[in-house]
Amino acid sequence: MSLDELRDRAALYALIAAGSVIGGCARYLVGVAQLSLLGTDFPWATLFVNVTGSFVIGFYAAIAGPDGRLFASSRQRQFVMTGICGGYTTFSGFSLETFQLLRTGHALAALINLGVSPMSWLVAVWLGHLVATRLNRLKGT
């Protein structure tokens, strides 16, 4: 890999990281607002960021895509979609990928993704919790 390629790659990673900082801070602020306005009875902040982030990634993918009205370079798309939306949501990439499957006529794959992904996430959370709980019970340091 040449030095120019390394610089280009490093610049892309820096853009994605900067977008992630913006998205992550925005998500945190939504969470703080939710706690003070709505309390802790329901995860409104997560619902809000996932819905709004899914809207933003879908909108930006269309408006800045090859047939879109807005010219955006690959780096700009990565900054917004991978960085900001990825840092802001826990759901936008999954939503976009599932929508793309539906839009391109792969309804069965989209349905499988809708069923398998959330269940896998829940199982993974459960397993992670189980492993950590058992580790916490071990004696010693």
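Glycine is treated like the rest: Cβ placed from N, Cα and C.
Annotation comment: Swiss-Prot describes GLY86, THR89 as Na(+) binding site. Residues or ranges marked as transmembrane segment in Swiss-Prot: 12-32, 44-64, 79-99, 107-127.
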Need a quick answer: max count of Cβ pairs under 8 Å to the transmembrane segment (107-127), which of 12-32, 44-64, 79-99 is it?
79-99
Around GLY86 (Na(+) binding site), how many other CB atoms lie within 10 A of its CB?
20
When DSSP states are folded down to helix, strand and coil, where does GLY86 (Na(+) binding site) land?
helix
